[in-house]
Every structure is written in C-alpha cells, then in structure tokens.
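Novice: Mind looking over this structure? Questions follow.
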Amino acid sequence: MATSLGSNTYNRQNWEDSDFPILCQTCLGENPYIRMTKEKFGKECKICARPFTVFRWCPGVRMRFKKTEVCQTCSKMKNVCQTCLLDLEYGLPIQVRDTGLSVKDEVPRSDVNKEYYTQNMEREIANSDGTRPVGLLGKAPSSSDMLLKLARTTPYYKRNRPHICSFWVKGECKRGEECPYRHEKPTDPDDPLADQNIKDRYYGINDPVADKLLKRASTMPRLDVPEDKSITTLYIGGLGENVTDSELRNHFYQFGEIRTITIVQRQQCAFIQFATRQAAETAAEKSFNKLIINGRRLNVKWGRSQAARGKEKDGVTESGIRLEPVPGLPGALPPPPVSDEDASTNYFNLAPTSSPAVMNLGLPPPPGVAMPPPPGFGPPMFHTMDPMAPSMPPPMGMRPPGQVHYPSQDPQRMGAHASRHGGP
C-alpha cells in the first residue's frame, strides 16, 4: 500500500508518533515500575494499515510480553485499549458495548474509504479535548444497565499469563521450571473462544467472547418487586469490613428519605428502610447489580415483612413450599386445661406404665394433730408367727397417696422404740 514502510513515503506525515500507549489497567500490569521498549514506526496498524509507534513491555512476573496492536487513532475512534481491544470504561468487547449503547458501527472496510474516514476522525480528535470519545460513541448515552451489570470492576491479570508450551503438550519440553510458557493441558480446540479475529473484534462482528457475554446478560437474574406494599426495606449484602454507615447513606439518600440504616457487622450486611415505597423501588432498580462501594460489588435485595418472616401454616411457608417433617422429634404438647379439674400431670406425653410410682408431696399437719409414727419405730422387719402381732405395713410403692414417710419415720426401722407403738 501507499502508506506502508516499503513504499513511497508521500503520506508519511500521517504516520503516528506517540510517547506513551493507550492501555487498560489489565494490560499495563500491577507493577507500578515498568520498562517499555519504544520502536518508532515499528509495525503497521492491523486495522488501518498505517505505521505507528510500537511499545513492548512485560506486565509482571511470570507474565508474557505484550505489545500494542493498533494505532492510537483507531484506539480513540472506538475508545479501546491498543493491545486487548476492550473498552476502556467497561472492560467489555466492542460488540457488547455497542449493543448496550445501541451504537451502529459505520467504519468503512475498503482501503480508500477507510483512509478518508480516518483522516476525518483525526481532525475531529484534534479539535476535541481528548478526554471523551468521538463520533457516534461520543453522542451515545453515558451508561446502560446491561453494561453496568457486565462491567468488570477490578483488573483481570490472569489474562496476561504466558501461552501454553506446545513442546510440553507433546512431551518434549526439556526446560523444566525455566520454561517461560505454561505447562498446562490445553483447552478444547473446538472451543469457539479459541478462534478470534482481531478485525472482527474491532468491527464488533462474529466475536465469540461477545456472544458469550450477551447470552449471560440475557439470563441474568432480575429483582422482582414484592407484592406487599408495606415493605420499604432493602437488604445490602457483601459489605466487607470497610463499608460504613455514611457511605451507604451517601449513595441511597438520592433516591428518597431514609428512615433507618442498620448494619450487621457480624454477617457483613445492612438493612436500609426508606420512608416511602416509591423511594425503595427506585433505589432497588438503580442499585441492583450496579452498586459498587470501595471497589466491592454489593448485593441488593428486597427485605421481608415482619409478618412473613418465619410464617408457616401446616408445614407450608408463605411462598408455597411444603416443608417435610423432621423424623425423631417428639409430638406436640397437649393444650393447657380449661379448668383445674382437667389438669393432668403428664406434661411430656409419656406413655402410661403398669405400676406408676406416685409420690404425693404434702404439707406437714398443723399443730395439735397427731402425726403417724416415724419410719423405723414400728415392728421388726422379720416375719413373726405370732397371730396377735400387728401386720406389716405395705411397701412404699403399694401405699395409697397420703403423707410423705421419711426414712426416719419408718416404723420398720431397726432400733425403733416399742413403747411408742404399744409394746411392753
């Protein structure tokens, strides 16, 4: 082409010469101290085929070297990273971003039209402040619910890992631990994610990664509004240890008046009660799968009413789920008696026995009333043949209910005085 390195250089003034690349945080790496090699007009852009300045660097330890793939003009037109071609704001493929913002790609494919379109876009970029996207992307709405749900909030440094060692797969790698490539089992070669074209990704067509994310967006859960109009409380989960009451209030006060905010630090959750139902519905709609505080994506759900909390009837919850009985548990206790005559001592549903041992604990008799002889002061315990001898008292278990007989009052106790029982 006329703009390549080996051809006539009449259009060389349009070649790109930059001092620093346009990169996302993932491609740049987690190390703040990084070395880059800079090669002026080192390669052709894989989109517009114009020479540009190529940067090459290592994003971290045990990572592969990365380099810029497209020029900065193509990067600014789509607001994407020069290396991974992912959106700089959401970290998503171009096809997903354009679908969420309802932006239609109008970049021409032919060489002449592409060159003319690129020159016009460079002129528009030069007249702008350089902080906002240009073209149709600059006129698109600022945000989308789908993009906020799918957006990645933290860098994904796992994407910078080395490629799989092909010699290790064949069992011929002799480097061992010094091999800079990964010794892992490769993925399925029939996996559609393994076949990606950089031009298709840039133009937002036939991108397998974008198709996967769009399918995930269609199956994402939704927050249904409860039918009970008295519920004005939202449950906020996954707070962590650093989220405070003021941070929650600063986010939710914009939706309406807040009645109370209760933080349960032990379970890392909070309950926010609004004064009106309309404010709670607005807060739930604007915050579900979108609420990010201190870099943490928080879980937003509706609270439950006090009447429905733990409400069960005949083993069926309010949502209609039947609970199976737990085996081995005792039966229900009998209802309390209506009157004192119906009172029963069987408070634990014990089965009746053949010879229940009844013990009647009575109060001592009032003064002046004769008491029965204490145990141990009666006749001896051995049997006697004298028919005139008094009969032995029945055992304790066979006695009718009456006063309590203590061991010291047992008339059969050895050593009891016979004079107290009419003896000589």
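Cβ coordinates are placed from backbone N, Cα and C, and glycine is handled just like the others.
TrEMBL annotations: computationally assigned, not manually curated.
Pulled the feature table from TrEMBL, pasting it below:
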type	residues	note
DOMAIN	159-186	domain 'C3H1-type'
DOMAIN	232-305	domain 'RRM'
REGION	304-331	region 'Disordered'
REGION	383-424	region 'Disordered'
ZN_FING	159-186	zinc finger
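Provide an account of the burial state, proximal residues and distances for the features listed.
Specialist: Long-range contacts of the domain 'C3H1-type' (159-186) within its own chain (CB-CB distance under 8 A, at least 6 residues past either end) are made by residues 26-27, 29, 59-60, 62-64, 66, 84.
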Novice: Taking the domain 'RRM' (232-305) alone, what is its mean pLDDT?
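Specialist: Averaging the confidence scores along the domain 'RRM' (232-305) gives 87.
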Novice: If you run through the domain 'RRM' (232-305) with DSSP, how many residues end up as helix, strand and coil?
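Specialist: Secondary-structure composition of the domain 'RRM' (232-305): 22 helix, 26 strand, 26 coil.
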